[in-house]
Every structure is written in structure tokens, then in C-alpha cells.
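Reading through the C-alpha cells given below for one structure.
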Amino acid sequence: MPYKISRAAYAGMFGPTTGDKVRLADTELFIEIEKDFTTYGEEVKFGGGKVIRDGMGQSQVTRADGAVDTVITNAVIVDHSGIYKADIGLKDGRIVAIGKAGNPDMQPGVNIIVGPGTEAIAAEGKIVTAGGMDSHIHFIAPQQIEEALMSGMTCMLGGGTGPAHGTLATTCTPGPWHLARMIEAADAFPMNLAFAGKGNASLPGALTEMVLAGATSLKLHEDWGTTPGAIDCCLSVADEYDVQVMIHTDTLNESGFVEDTIGAIKGRTIHAFHTEGAGGGHAPDIIKICGQPNVIPSSTNPTRPYTVNTIAEHLDMLMVCHHLSPSIPEDIAFAESRIRKETIAAEDILHDIGAFSIISSDSQAMGRVGEVAIRTWQTADKMKRQRGRLKEEKGDNDNFRVRRYIAKYTINPAIAHGLSREIGSVEVGKRADLVLWNPAFFGVKPDMVLLGGSIAAAPMGDPNASIPTPQPVHYRPMFASYGKSLTNSSVTFVSQASLDAGLKGRLGVAKELVAVKNTRGGISKASMIHNDLTPEIEVDPETYEVRANGELLACEPATVLPMAQRYFLF
């Protein structure tokens, strides 16, 4: 007769199972395990007296005959596709199986073979997510990359050359020479990286040479002049070479209004940065474009979520980031035109209903590179407290809301930028860029970050201690952050045209160069998983009130947030 144990005892030994609920950090978000792919009584667990031992849960199968390189045991997987429990098998830096691990000679239903050559990562009671993607990076300081990695990001896309004033304001790596230097620099960092060229030009020649030099995308920024002519030219080049276009529109409405920008886009796919407008864009109604079926709208994290401090901090940020002077009245007026509490409040709600598709950082240029996940979950928590359960929820949990919000910094930016065949979800065949979390620290401080199946970062105690846990415990680079393991564990994304033109041989870089694919007509707002709503947006030009399909979008600023000072005492 089978042995029975209580749910609490089972969760303590093997982690939660079907029907169990888990609180995410100190939020009001609760997930429920939808399905458990492990087998009761046949679970694999590593340790003294446990299951993964020779002749028990560990088989005699060689790597060549199918044993995996690494098994992650009893993980709660939180993904856009669902919330479930399973073992995860990794091989050659990719996810090769999700399901039941063990020894097929002794155990039934095994699809992940554990052999003598298999390493074990114990995920009992832990959450596993796909590594995050931050799609709005100003490459101002290389130290951003370590900060992002330690927060659970494994891919960064953007532009820049360092603390040049063009980079301080705009996410562009301008020209083939600068792109070459940045792609060369990418070899030094444990992070998947992708670079955007400058998209502001009225003739295609200079844009084409940037795509051929490795740009994965082109960025239109108002500080370089986002005119209708530049928009049309940039999108035409992008359509020819299959790269994405990101746009920061004309705050001052000098070369046209939001309707003129929509007209210049001509129904072509485009990623609209900080679509609410505090980060820049047609004042006061750039937010209207989130209702366009060809526009993929995103937020940057300083306005996530709307709090009592949001408005006050933005003016100074704007003055610094956009090279403005407090002694010039026009510069002050420019800055003030972008900060509107009504549109920021509406942004919260538009995220919650799935009309805004992506959250990113805007690193060091009105954005905090280490807080993409934190700000995403703070927004989700604020919306649950203020708006209650989503109508799509089934059962007494927040599973759908959690799936909607995690998609905003994993699968959706990957789809938008042509990377989703490689990254963005916990899925067989994709890169094993994975993050382990203690549920109490979910979204705030990872337990472990894997790049290409190797451990790149983790909190670690005193290296001279007799065990790994004594203080001081802080985040440290792990072995995938060093030597050839670094360049073999992460990649640099480039355009297909640049690969065809011999970019890798020309630069002699060590990292694999991987082409982006399907960034143009094959995707649209409808491709944004759980975040594809296209409401008709109206903005009152006098009061700045925002309506979606006639409904006023208004909410109060938060006075207290989860995932904040409780986690950062020092």
C-alpha cells in the first residue's frame, strides 16, 4: 500500500504540487500549481540518502547515449505558457526535456535520463523562470551588464558607445565603426547582447551600412530628429533586411503630431518605446498609438508603477538625460510637457488589461537596469489591490495575471526583436538561460542565474569559509562568467545580412553570432502573448484624461509598494 504524507510534508520534501499555492515575494499575487509532471513516489532528489544515487535514480547511461548534462529537479516553472511543476533536462546549453527525470531502468515515465555525467540543481521549493530580456538599454556603462545579470536578466538589447552624450540620451550605436567596437566588447560579458543602430536618416545608405555592420534593429529618437521622412526611410530599410525599428517620437510636435507619425509608419510593424510619454513622445497623446494593430507598445520602468513619488523624480531625470538646461525656459517647458500623472496612471491599467505588451528599463537614461522584474511585479501587485481579480482568472489564484506580466519581460520582447526561437520561455529547444528564485525573494533577488546551461551568477558567502553560506553573502560572478566558458555560454545577436556579409570573420570575435529573424510583417501587436489588446485610446488635450473604448482609465498612486525596502536594508 502506498505511503501517504501530508501536503505540508510533501511540499517540504519535494516542493509544492498540483493545487498548492505559492505567494510571490511580499506581494498579493498567489500562484497555484496547475499540473505536476513528476511521479508521486518516484521523485528524484539529490543528497545523502536521497534518490539520485548509482543504481537508484541515477542510471548507467552515458552522455552519448542520452543522459543530460544537468537536471533541475522538482521546479515550479512560471512561464507565459503556464504554471506547473517538472524536472528540467539541459544538454549542450539548451533545454532538451521538461517532465520526469530519473533512471529509466528503475523508474516509469522517465523522459530525462540522469547518468553518471549529470549535474543536479535542486529546485525543490524554488521557482524557475526564463531569463529576462531588457529591450531598452542605453549602453552607458559596462557595469550595467553585471547589475542586470544579478537581477535575472540574461539578454540586453539597445544602443550606445559609453558615456557619450548621444548615448546618454538615445539608444543608438551609430555607424559601422562603433557597432564593430561594441560587438567586440560583447565578448567580455556574460550576457546575450544585441545592438541597435541609429535610424534617423532620410536616405537609406547610412542605415543599410549599419545593418550590414551587425545592427539587429534601428532606433528612431527625437533627439536625432524623428521626422515623418526619417520614419518612412528607416522602416523601409528594416523591411528590406528583417530588423526591428524602435521609435521615440517627437515630444514637441515640431514635425507633426501623433496622427502624422501613425501615417508615416504606414501600418508597418514597429516597437514604440515608453508609449505613455514620460520617457518621450508626442505630448500629450502618444499613448494613443497603443491601440494600433501594428504598434508593439512598451514601458520603461521609472513610471512603473504610478506612485506618490513618480512625478517628483522625473523632472530632474529628464534634465540630465536629454542635455537640458534649467536656465532655459524652453528646456523646462519641454521637460514638464512629458510628465503627466493622468497618462502614467492610465499606463498602469493598460498594462493590466494587456494593451501594453513589454516592460524594459531605459538603463541610466531615466531607467533602472536592475529593476525590470521588480517594477513589473510591483505594477501587477498594485493593479490587483486596486482592480481586483482579472476576468480571465480560473480558480482562486492569480495565475493568468502572473502569466500576463511575466510575458512582458520574457517572451514578448523576444518575439518583438526576432529572438523568440532562442530565448524568452522555458521551452524545449531554447537556450538554457534560466533563473532560480526562492519564492520569498521572487522578482527581487535570484538564487541562481544560468546562461547557456552554465551557472553565471549566484549569491555566495565568504570564499574562505568552510561552507558556502557564511556572511558576507552577496552576488558574485560564477564560472560561466570567466574565460572561454563566458564566450561559449552567451551569444551576440546580429542581423542576418551582416552574417551573410562575413561579419564574424571580419571582426574575429569569440562569441557565436546569431541572426534575428521574423521582425517585420510576420509579427504585430497580435503576436504579443497575453498582451495583444488594441483598444481605441482618447486623450483629453486639456485635462490629459485617458479613455479606452470610452472608459476612463484612472487610478490612485501607490503610497506603499512590495518588493522594496523590506528587501534592501543595506
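Cβ atoms here come from the backbone N, Cα and C positions, even for glycine.
Long-range neighbours of His322 (active site, proton donor) (same chain, six or more residues apart, CB within less than 8 Å of its CB): Ala169, Asp223, Gly280, Phe334, Ala335. The active site, proton donor feature in Swiss-Prot is assigned to His322; the stated evidence is sequence analysis.
In the three-state DSSP reading, Lys219 (Ni(2+) 1 binding site) counts as strand. Per Swiss-Prot, the feature Ni(2+) 1 binding site maps to His136, His138, Lys219, Asp362.
Cβ environment of His248 (Ni(2+) 2 binding site): Thr170, Lys219, Leu220, His221, Glu222, Asp223, Thr226, Phe273, His274, Gly279, Gly280, Gly281 lie under 8 Å away, each six or more residues apart in the same chain. Under the heading Ni(2+) 2 binding site, Swiss-Prot lists Lys219, His248, His274.
Positions annotated as substrate binding site by Swiss-Prot, on the basis of sequence analysis: His221. Neighbour density for His221 (substrate binding site): within 10 A of its CB lie 24 other CB atoms from the protein chains shown.
Over the domain 'Urease' (131-570), the average per-residue pLDDT in this prediction is 96. Taken from Swiss-Prot, the feature domain 'Urease' applies to 131-570.
Feature annotation from Swiss-Prot assigns N6-carboxylysine to Lys219.
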**OP:** Give the residue from the binding-site residues His136, His138, Lys219 that has the most other Cβ atoms within 10 Å of its Cβ, counting over every protein chain displayed.
**Re:** His136
Original post:
Using the Cβ centroid of His136, His138, Lys219, Asp362 as the reference point for the Ni(2+) 1 site, which residues of the same chain not in that list have Cβ within 8 Å?
Top reply: Ile137, Gly158, Gly159, Thr170, Thr171, Met246, Phe273, Thr300, Ser360, Ser361, Ser363, Ala365, Gly367
